[in-house]
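S.K.: Take a look at what TrEMBL says about it:
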- 124-149: transmembrane segment (TRANSMEM)
- 169-190: transmembrane segment (TRANSMEM)
- 267-284: transmembrane segment (TRANSMEM)
- 351-370: transmembrane segment (TRANSMEM)
- 390-415: transmembrane segment (TRANSMEM)
- 427-448: transmembrane segment (TRANSMEM)
- 478-496: transmembrane segment (TRANSMEM)
- 502-522: transmembrane segment (TRANSMEM)
- 560-619: region 'Disordered' (REGION)
- 590-605: compositional bias 'Polar residues' (COMPBIAS)
Amino acid sequence: MSQPIHDEFVVETHEPSARRSRFCGLRDFCDLADLWISASRFGHFFHLGGSGHPKEIVTSSVFREIRAGLTTFATMAYIIAVNASMLSQTGGTCECTLVDRHQCDTLPAFAACKEEVRRDLVTATAAIAGMASVVFGLLTNLPVAIAPGMGLNAYFAFQVVGVNGTGSIPYRTALTAIFIEGFIFIFLALTGMRQWLVKIIPATLKTATGVGIGFLLTEVGLSYASGIGAITGGGGGSPLTLGGCPSELLDPDSGMCTSGVMTNPKLWLAVLCGGIFTAFLMAYRVKYALVIGIALISVISWPRNTAVTYFPDTVEGNSRFEFFKQVVAWHPLTRITNQLEWDIQASGSHFALALFTFLYVDIIDATATLYSMVRFCGVVDKDGDFPRSTIAYCTDAAFISIAALLGCSPVTAFIESGAGIAEGGRTGLTSIVTGLCFLVAVFFAPIFASIPPWATGCTLVLVGCMMIRQITQINWRYIGDVLPSFVVMTFIPFSYSVAYGLIAGIFVYTTLNGLIGAVVYISGGRLEPREYELKEYWSWKGSGQPPWFVRAVQKRRRKTARDVTTPAGGSEFRSPQQERVVSFTGDSPGRSSTKGGSATVTEQPILSRPTPEQMTRMP
């Protein structure tokens, strides 16, 4: 009886061990490869965990960064099709002689040209997003992807240029404004103005901006255009209302569902596969959870003649399917490259207005978004700055001008980068992987442009959920910090703009705290509000180091002053009398100094020069 028991015991202990070794073989190989790459020069360059770099990021690894980059790309891939579709509404460089330019689409030649512009913009969007993200990752080592921004492309397409060119300035002139804007941004970054702008924004408002972006991502993920279609415009009665009906049941005037609320099968596919199933995988810490959800919904949505197909039997659906069937396609840029118009006299005031609007919206939007993403990945220092901030802002600015040369609206840091950061991305390798995917998408645009919006909608909701967690860091103890922060958090999603939300919060913060500060000052401190001592400290000077060029000038001045006070030959021997010596900050140990490099005059005893007799006695 003992032998069978022993045999059964052997089977039960060895078979699972064999299965485990077969299952874990590939994983062990990947772990070893991860450690080897991290310890190489490649890992040292990106500060990967185990690289031995003084500033290594312990939680980073090669495969984790690759996974994060793929996740970011999966959530951003919609920009290829959406940006091209929006900007092509302007008509680009297509000519139309009709007085009512809204009727230009009825002309076959104009319609064909407009479609050519759209396909040019598909290639241009993928190319500029790929180049910008790769260069940004290499130069800054930050996991933030760069691509044409959604808010600015809508402003460019529907307000500045207008549908079929009905706006205030032509398409080519608008590109010139964007090109000039990029160089102005570079100047502001080099002079430290963009960094100063970030530093003077109160810390509670900067935290609220990140929370507001989380709400904005949630709203985008729930919308029809870029999400699952769970909410829609409420017409005149309310700003938002419950959606979930098939898109053909939407009222074209109010945007509300005429019937079939919450009956759209695409919505439930997204909720079950992209939301609940992805969250289930995240609960068990399954790698690539977000990517798995997006890929699963995309594959289910590609077959035709189904209730959830992305290629319905319509004119638009047939056009998508014909483009999708190409799989690999290279479309050269023929109509939008280098189309800048420098003769701006005909639209001088409108040109200046467009340039100024692009400037202030982009500087606030891009700066706030980039700061929030960097804060999300945890590399912001105590002074409110982050590593290589000047290089980051200059890179962003340079690609704004390059985007204009390719016929695109301004690029900016993408809030969808939060998806990759949530997946574990911490270094520039994440954005490089995202950029490489965009460059590959230049040739595989038919595939990547066919990821349906409901495939990425729940991913954006999950990322928004993770970003909102920092709401606990807001100073909730003082009304002067609470109300402006709340305004920022609510205005960002409801105005659909990071810039407008931050502007509203800064206005409330300045007005409210300015009035309180005036009353406290006039009363000599006798009329202080309750809990006034709990307010967050703020100064217009900001914190941290001054801009690099200011530090360079200060260093040169200190060196010049040191050279003036140092005798020729550097001799330490002077007359035996007490001499008045000017010392500067940081000259040498033992000398007195003051902050800022200002000179202080001190009395120091100076050693006398030895006599010849003393020199001969020296050993």
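Each residue, glycine too, has its Cβ placed from N, Cα and C.
Note: TrEMBL annotation is automatic and uncurated.
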S.K.: With a Cβ cut-off under 8 Å, give me the same-chain residues at least six positions beyond the ends of the transmembrane segment (267-284) that come close to it.
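M.R.: For the transmembrane segment (267-284), the sequence-distant neighbours (Cβ-Cβ under 8 Å, at least 6 residues beyond its ends) are 228-230, 244, 290, 292-294, 296-297, 300-301, 308, 454-459, 461-462.
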S.K.: With CB pairs under 8 Å as the measure, which of the listed stretches 124-149, 169-190, 390-415, 478-496 comes out on top against the transmembrane segment (502-522)?
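M.R.: Between the stretches 124-149, 169-190, 390-415, 478-496, 478-496 has the largest tally.
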S.K.: Counting Cβ pairs under 8 Å to the transmembrane segment (390-415), which of 124-149, 427-448, 478-496 comes out on top?
M.R.: 124-149
